[in-house]
Every structure is written in C-alpha cells, then in structure tokens.
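If you look up TrEMBL, you'll see 569-790 marked as domain 'Metallo-beta-lactamase'. Feature annotation from TrEMBL assigns region 'Disordered' to 759-778. The transmembrane segment annotation in TrEMBL covers 30-48, 259-278, 298-324, 331-349, 355-373, 385-405, 411-441, 448-469, 481-499, 528-550.
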Amino acid sequence: MTRRPVVTFALLWAAGYALAYSYEWNWLSLYVALIAGIGAVLVWMLNIPGKAYTCGLLVMLIAACYFKEYDANNQTKLILNAFAASGAANAANNTTVVEGVITTRVEVDGDKAAFTFRSDNHDGELLAVSVKLLTEAEQAAAFNWQRADRLRLTGVLKQPETARNFGGFDYRNYLRLQHIHWQFAVKGINNVEPLSSQAWSLLDVLRWNDRFRAFLADGIASIFPQEQAGFMQSMLIGLTDDMDPAQFQRFSQLGLTHILAVSGLNVAIFLACLLWLMRRFGFTRETYLVTAMALLPVYIAVTGASPSIVRAGLMAIIALYAAYRHILKDGLHTVLLVGLVMLIWEPYYLMDVSFQLSFLVTIGLILGVPAVNKLLPLRSQTWKNALSITLVAQCVSFPVSIYYFNQFSLLSLAANLCLVPVFSLVTMPAGTAALIVGLVYIPAGKALAWLIAELNSWIFALVEVTSGWGIFQTIWPSPGIEWMIAYYLVCTAIVWGLLRSQAQRKGTAGPMLNLPARINPQIERWRAVWLQVRAPMSVLVLLILLGYGYTSENLWQHDGRVDFIDVGQGDSVLIRSPQSESVILIDGGGTLTFRKPGDEWKQRRDPYEVGRKLLVPLLKKRGVQTIDYMIVTHQDTDHIGGLQAVLEQIPVKHLVFNGTFKPGARVEQLFQTALDKQVKLVKAFAGDTLVADRHTTLHILHPQQADPTGALRSEQEQNEASVVFLMEMLGTRFLFTGDIDQAAEASIIHALANDEAQPKAAAQASQPAAAQREQTQTQQRQVDVLKVAHHGSKTSSSAQWLDFWRPSVAVMSVGAHNTYGHPSPQVVDRLEQREMEVLRTDLHGEVQMRIRDGTIRIRTKLSDRPTQPLG
C-alpha cells in the first residue's frame, strides 16, 4: 500500500463501491464513513502489525458509505399527488404541464423526438421526454429543437418500465443511473410551447458543441457515400444516429464494435497527428505540448465525452503535463488516478460497461503487454507489439464482453489483429483529413473520401462474409463475479509461470534465498517437475474454467425448466429439460406495425423488433446455444415475428409447424432462412408423438391432417390450425394451445373422447367398473399447467374445455395495456370459478417453472408470489 498508494487506494475505492452496489447494507452512512476515516488515521499513526490491511478495509468502508449516501440521495423529488395539487396536473384527462429546459441533444427518429428535460418544478427534476410526431411537418419542426431551449410541455407523466423478464433489460434502473426517474409522453407539437430563454448557462456552450458536431456530421455525409456516412460519423465524431443496425450487428459478432466507438485509440491518433504536424511546422516542444493539452478537452467534447473518451483524454492530459514538467511518468498510476477522480465525481460510472471495458483493458495493456512481449518468439518488434496488444486486450475484455453481450467469435483475435491496424493507421487519419479538406473544398474531400470508401467496401464485404460463419460464433451465459475473478487470477498465474519458466531456462531467475546450500535430491527432483508442469497445469485449469463457464447453464442444471417469456402481445415459451438434453422454443412473439401509404417518414432508423431486442439477448443470457425444436404453433405475426432473429443468430435443428403456409413476405423469409441454414422442417399433426429426450415427450393433439399426402396447403386464417400438444416432463403435464378457438377445442375433446370410448363392451359390462374407468380417465387427462389459448380471448377457453383438462395453473401470455381487451373478463371468471391459479404476463411478467420429481416450483418477475411447490 505504501509503494503504490494511488493504485491501492483506487482499487480499494472501486471495491467499496462494488460491495455497496451489490448488497443491501442499510447501516452504511456518512456517520459511519466519518468514524471509519478517523479510525484509519489513528491506525496509520500507530505502529501496529497489519495496519496497512486494516486501513485498506477502512478505505473500502468509507467508499461504500460514500456510494450508499450518493445512491440514497438519487431519489425523485416529484410526488404525483403534490404535483396534481399544485395545479400542474389535470386530473380529468391525466395530463400534466411542465416548464423547463432541454438538457441533451434532441434525437428525432421517424415519428418520435426524444430528449432529457429539466423541469423547473420540484428542484430541477429530470424527465425523459418522448414526443409523438403526428405529421411530417411536425417532424421538420422537431429538427429545429436544440439543447438549452426552454419549453412548456403538456403530456402524461409515467414511471419507466422495469424489467419484465428475469435477466432482461431494466429501463427504469438504466434511467435511474442517469438520475432520471420519470418519463413524460407528449402527443403532437401542439403540446410543445416554446418559452423565452433565461440567462446564459453551460447548456448554451453544450448547444454550440451540438451544432458543431452536426456541422461535422453534415461534412462527413457530403463527401462519403450514403451507406458509409453513418459508419464514418460513428468512428470519427462518435455520432451513431445514422449507423446501419445490420452493419453494427456484423461488427459486433466479430468483436469489432470498439472500432465504431470513439475511444482511447482515437485520442492516440488525434494526438499523434497533431504533434507531428506541429513539429513539422517548427513549434517548440513546450508550445506543442501546451497546445495539445488545450485542444484535448475540445476533442473530448466534440467526440461525445463518453466514459472511455474522457478516460483517455484525461490520461493524455496528465501524460502531456508530466512530459512538459519532465516528470517521470507511471501509466498505472495515471490511469487509476483518472479512474478515481471519475468515480468520485460520478459513482455510477462503475456500472457503465464502457467505463469498465476502457479501464480494464487499459490496465491490462499497461501490465500485460511488456510481459507478453517477453514470451513471444518474434524478432520484429512491430509485430510483437501488435500481437501482444491484441492478445492482452482480447483476454482482458473477454469476461466483461460475455457478461454483457453473451457471445464471442473465435475469429475475434484474427479480425482485430488484421483490421484494427487498417482502421487506426489508414481509415481514421485519412477520414479526418478528408473531412478537413472537404470542409474547405468539397470536390477535393470527395476525391480522398472515394479512396477510403473503396477500402471500406472491401473491409465491409469481408466482415459480412466472416460474421456469417456460424461455426465460429459461441454463445455464453452471463458468468458470476466469482468466475470472472478466478479467470483473471488463472490468466495472471499462466503469464507469471511462463515468465518464471523462461527465466529458469535462461538462468536469470536469481539466487534462491534462505535455502540451505545442499537441498535434498528428492525435493530438488520434485521442484524440477513442478517447474515443468506449472504452466501446463495453469492452462489446464483455465480450460476447465472456460468449459464450466460455457456449460454452467446446461450440464449442471438438474431441473426441467419452462419459462413463459413476456414478449408483450404475443407468445413465447422456452422449455429446457434437465441438463438441457433438449431445448424447445415455442413461438417468438412479434412486433405489429401498421403503415398507410404516405407514412414512410414515420419509419424508425432502428425500429423495435422483439426477436432482436428482447428474445435473442434473453436466450443468449440463459446460455441457449442450440435449439433442438423450434415450434411454430401458427404463422400470425405475434407468434413468429421474433423467430426470424432467433434463426439468424442461434443454431436450430428442427422447425415444427402446422403443415400450412400463410402467404406473406414475413412467413416466406422465415422458411427460406430455415432452408438456407439446413433446418429440418417437421409437420405436426394430431396423433404424432415427438420424443425430445428421455425426460420430455410431446403428444400432438391438433391440427388434423387435412391432406393424406401431407402436401403443404395455403391457409390465411391460422388460429384454428394452431399446433396443440400435451407435454410430459418428469411426471408433470403441460398443455400448450396456440390460438385455437372454441370450435377447435370441441374438436380435440371429441377426438380424445372417441379414443377413450373404445373398447365400449368392457365399460358397459359392469356399472361400477364404468364409473371407475371414467374416474381413472379423468385423472389421466388432468394437466398441471394450461397455457390459455389466444391470450385469454373470449372466443377460446370454453367451460367444456376447462372441465375436460382440469388444470391446476393457467398461464396467459398477454401484452400490458393491449388494445384488444385481452384477457376477456368472462374467461378470467371461468378460470377463477374452477379455483385455478391464474398467472398473466401483463400482471406478473415472466412466469418461470422449475420441475423435479413431479413437483413444479413457480416464480414470477413482477409479483411477490411465494414459490410454493405444485404437485
């Protein structure tokens, strides 16, 4: 602690934050911090053993108290009742009027404008404002809104949505970490009234910065082809508004998203170019160092001031100042001092993935590159440095990447090694030069940009091809913090062991201290063996650790799992048998969009799509690496819309469907993708049995096979053709019903009743025997869980159907605040009259069931339902 006090203090401070964020320790406060501070000073002054460790623990305690106090003060100042009483709210139509100022850049996307708004009411409460634009003229008007504009808004105040699925994105917590606790929805710009501006403030400076960034973005768009302008804007100035989502996805699959974000690499290139130019023009050393320090804050602001760019900029300023003052530089001290300052300023930075990756990779490079350089048997220092930097960056970022993004490409190392130098040494400097030239003379800028665009086109084609090689894509469940710590420790042990072995071979390990002159030959022999196997053993431990992390959600789970995922107004159910012997996905929800001719302006750049935004990330986070059976109950959009993204990103073995084809581009694309990826298509008809594994069997009850030849037929109305099946798993029975109506229910009951009626002679021979047979059949038919058909529509779930199956639990997949009136009150009454437990995704969020030995344990995301066993 005394040798590197800044390093130790910063690490302990971050650890204290992490503990306070992870655990609900309500006794932490500023008073406790004061006592701990006094205690640390007293302990340090006393000459007692272990005082460094004691002081370290007290520093962690002080940091935890500081974070907890900071977090406790991050509360809304707005109370709805008080707000309404003040006259700002109109109770008749639930609208609210607020006055204040725009504090962020206004983002206009299709028929939506979004910005952060500081209300004059309640001590500057921050609101996340969303304005619904009703006409194209309103969209044009919204483009004129800017940061620092004062407005009077009339709209609806509401709390942000929390995560509706286990492990899903928590928008409420995301906004809270930005000190925002409320959303404010405005309909039409008639409810947006401009107000006169007040005194000059910092927001006016930031407004000028927004204008300058927009000016540069326009300059980039004027010289680069349209399909590349968004890419270059993202790379050069950190504006991602026009970035192609598909292109971003391809770069993400290869682990190249850091190229698209302004980061330390950009700062290094900016400084290198700036210092080279100033040297060429004959500036003195002191002049160009001071000039660079002065221009760096401007560069940070122009490129968006993300945590990674702030970290790199502050480090560069400190390094330049040290060079100016001829002070010996220590990279590790510098990076951790910057991190400490940033965390004291904004403790929530610690939860920012950009902050985490930026600092971890930078620390890893400072510590790891010199060590790895010594181990690489390359003569060229340039190649050695390039390979070391790439290896260390990949190894350090790997746990954080799989924790947040749950994927890793085996081509990532090669892609970074080959493409990062091209982008950093050619595309970025040349792109910046083209932008500067283009601002002076557009034709000259276009000529230079054309050369860069040609190079980019070749790179984009290469990325598109290689990102589509699914064999190199791996999916990882989010690891625990213990696994991540163990990973870093083992990697450190491997490098340290290899360095020791190398030193032993070269005879430079130094003398062994405190050892007798003559060592027992047996001990010496074992020591020699240990030195030989130390590095291979460490590698073996790392492989075991990686294997466990890769399979932790599959091989080590001994329960059957059925997850009714909340996908809004649609269906999606994930079924995993013990140890994931089989994985079944039933439907995938879907996003319904209605566009009239002339509404093209409403189209968002990156519209919400439930498969890509919700379902695929959730499946990856749960370690779903392969889907054995994707069951399409029917082909309506609210059931198949999200499956396209699943097919594109997760390997699927079988696609089970109802033997029909609904004409339409969406369905055609889904089946074409399945054929392209060599997914086996399986038609499911009544009477079929699908044995998924030794624990799980599916009995198909519907639809009936209309054509004896099994020919594919066109069917526009899909509901009554839904695949209905009974699943038996570990002594439990689940009935899945798609969107069938009461006519289909009656048909299924009739078919099953006919099967049960044979042979009739034995049943008629004895009246007591017939009664016993009927009771036995009723018990055999009874199911534990019913997935209620058609989201609880009044056209389904008849009394006869419910009495036939007699389920204990009924689950409804229903969209919150849906416009269809689902579920029907009559259906809910029928379920409750039969004393079933009714679980609804609109009220309970995701419903998870765990099955073992005929017992089902249930938990829900949005309610405090006790996990009492069923069965």
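Each residue, glycine too, has its Cβ placed from N, Cα and C.
Curation does not apply to TrEMBL; its annotations are automatic.
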### Query
Thinking of Cβ pairs under 8 Å, which stretch from 30-48, 355-373, 411-441, 448-469, 481-499 has the most of them with the transmembrane segment (298-324)?
355-373
### Message
Can you work out which residues elsewhere in the same chain, 6+ from the ends of the transmembrane segment (331-349), have a Cβ less than 8 Å from its Cβ atoms?
### Response
4, 6-7, 9-11, 13-14, 17, 66-67, 70-71, 177-178, 307, 310-311, 314-315, 318-319, 322, 355, 359, 362-363, 366-367
### Message
Which range wins on Cβ pairs under 8 Å with the transmembrane segment (259-278): 385-405, 411-441, 448-469?
### Response
411-441
### Model confidence over the domain 'Metallo-beta-lactamase' (569-790), averaged pLDDT
86
### Task
Would you mind listing the long-range same-chain contacts of the transmembrane segment (30-48), meaning Cβ under 8 Å and 6+ residues beyond its ends?
54-55, 58-59, 61-62, 65-66, 69
